[in-house]
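First the structure, in the form of structure tokens, and then the observations on it.
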């Protein structure tokens, strides 16, 4: 209720009196005016004409010191409008959401709640009765978490003043007109992020009135130099904070491919889910007050999130599965983005979503980091080592028949995907600020929990493996040596066949700023392979990890490589035809005699379908052959793996590993290995008209069945931030041999700009065929 423009009769007094009597029971209405029943001589205020001011009067009831009258601008006549300070009423709060969110770069969020960034002014307007200037003292309280505390910096009490000074919370009165107070509020650049409650307290003559103004969400601020996540480059900020779609690189070092990923950090409900992630963490459940206080630090938040994205140990988001059997969940290759995953996690009551693999964990973590305001990107490391014993070597075992042996838990993944987040490391020197590795894929426990990072990329390059966090494991992922061992059936022992220091950590990749091109960041992680700096850093790291190294680990690989006997033959598999699902795989084994003596070579070959992390699925082919090599001769032996042999066992990765163990006089001379990837048929996508905001537009998809057999259980999954709400799932009819299918569907763009449409086709013969289409949307 606003102030009346005019008080001309006692009728207005009678209308106001019920509220006043409720708050000041000593007052009573008498003869149309207000009286105090405790006064020794009854005083009565009557109505007078005049324009009202909001200036405090000198006169009032002696029994009720809270009671004040408002002076009239016509002399000393007292108007009929009286009010009590205990009856403070909030008429309205204007959070100025549009203005604030544009200024704070949060206007892309789909939310009705105010979302702002720390260390930056927030503007708001309050309509109060009585107005602020009628009060003696005004303070605000901002609090977050279940147990707000000033000592923990999760609660701040700060006065309204004429100017904001210092680096803490502050409030300034900008204007005060017609009962409307325009106020600016400043949060510290190191305030904990999260949802805050803001209240106002008005005090006068020992009496306080408190009103809750509402809530707002405070995020990290990469636009602010004083914030630890500050990123100075405009284009990089736009890419690593504001971009809601991207690509993730996959495949193998010699065959790099990519898929699109919908991060969707601004989609409706995603920010609330990200905050729920923090509130479901082990840290929060053990000690909520301390956990919330530590949310001022992106280093802490990033580590917590690396644990929460996987479902191990806690109520995390995604359940990992590398078995090749995804019954009861979704094949990880079928996900197009993070939005559906996060919403499914929330809607299920925070039960893990099934299933994910490394790029799913990384894509989802990237969404959450960008949503909370931490600049981040997705990194792919090809030939990525999984070193479990901290000896900087990965041991691979074969028997003489060419069968891989399961001895030890080390492995080399064709690729592994993690995240980099950008922030200052307050626990290290400034030279180690910037990109920090975070890995949400549950591989090894860290401090008893499946979490990994943050690890400074700059520190990794210098071999500082004794620093926090998880540096030895990540250093090995990009630097470990690969050692091949052959099992000796006669002695029951192992013999080292070969070692290679150039295999691991190849073509470390991320999406380029402003395009879907691949940007190589290998040089950020290590010096050039074979350089003196690279050898020095490796030996430095090895020295720091000496307590963990084993007798046939990395120590014997680089430091004593000269003691190894040179092999007499070499070999490799060569691809001789296009590799496509549905066709036979044709390879050539090329063997070369490295000596001037003739050699008779017994070759045992096998082929297995595998998952990208090296997990063996099923042996699909084997062959043994004896080959003769003249002095320095090179020969070629054809290899054919029929489609009928591998079709039942091929997984969504479309990977087959061919291995040849070559023996001369019962002595293993060479182990030849190659992982091959079979191409899927392609999806052809086309938008049939110009896309406009809030206008349906049709997209056409064409797919041809390349097989000579019926394809069943065909489904299409469509997703894209700014192009459609949620995920579109379309059931398609069966496809006859060599038949082409045409599917048309509508999307409804909600935002202008170039958006990314992602499509996945799956059926009983093809697990996940990906399509990606950029669509320009205009107003």
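For all residues, glycine too, the Cβ spot is worked out from N, Cα and C.
Within 10 Å of the Cβ of residue 358 (active site) there are 27 other Cβ atoms, across all protein chains. What TrEMBL records for 358 (among others) is active site.
Counting only same-chain residues six or more apart in sequence, the Cβ atoms lying under 8 angstroms from the Cβ of residue 416 (active site) belong to 358, 380, 381, 384, 386, 441, 477, 613. DSSP classifies residue 416 (active site) as strand under the three-state reduction. For 416 (among others), the entry in TrEMBL reads active site.
Residue density at residue 439 (active site): 30 other Cβ atoms are found within 10 A of its Cβ, drawing on all protein chains shown. According to its DSSP assignment, residue 439 (active site) is coil. TrEMBL lists 439 (among others) with the feature active site.
DSSP gives residue 534 (Ca(2+) binding site) a helix state. Positions annotated as Ca(2+) binding site by TrEMBL: 479, 481, 529, 534.
For 350-442, the entry in TrEMBL reads domain 'Transglutaminase-like'. Within the model, the domain 'Transglutaminase-like' (350-442) shows a mean pLDDT value of 94, rounded to a whole number.
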Spatial neighbours of residue 534 (Ca(2+) binding site) that are distant in sequence (at least 6 apart) but have CB under 8 A: 526, 527, 528
Around the Cβ of residue 529 (Ca(2+) binding site), the count of other Cβ atoms that are within 10 Å: 15
Integer Å distance between the CA atoms belonging to residue 439 (active site) and residue 479 (Ca(2+) binding site): 17
Local backbone state of residue 529 (Ca(2+) binding site), from DSSP in three classes: coil
Local backbone state of residue 479 (Ca(2+) binding site), from DSSP in three classes: helix
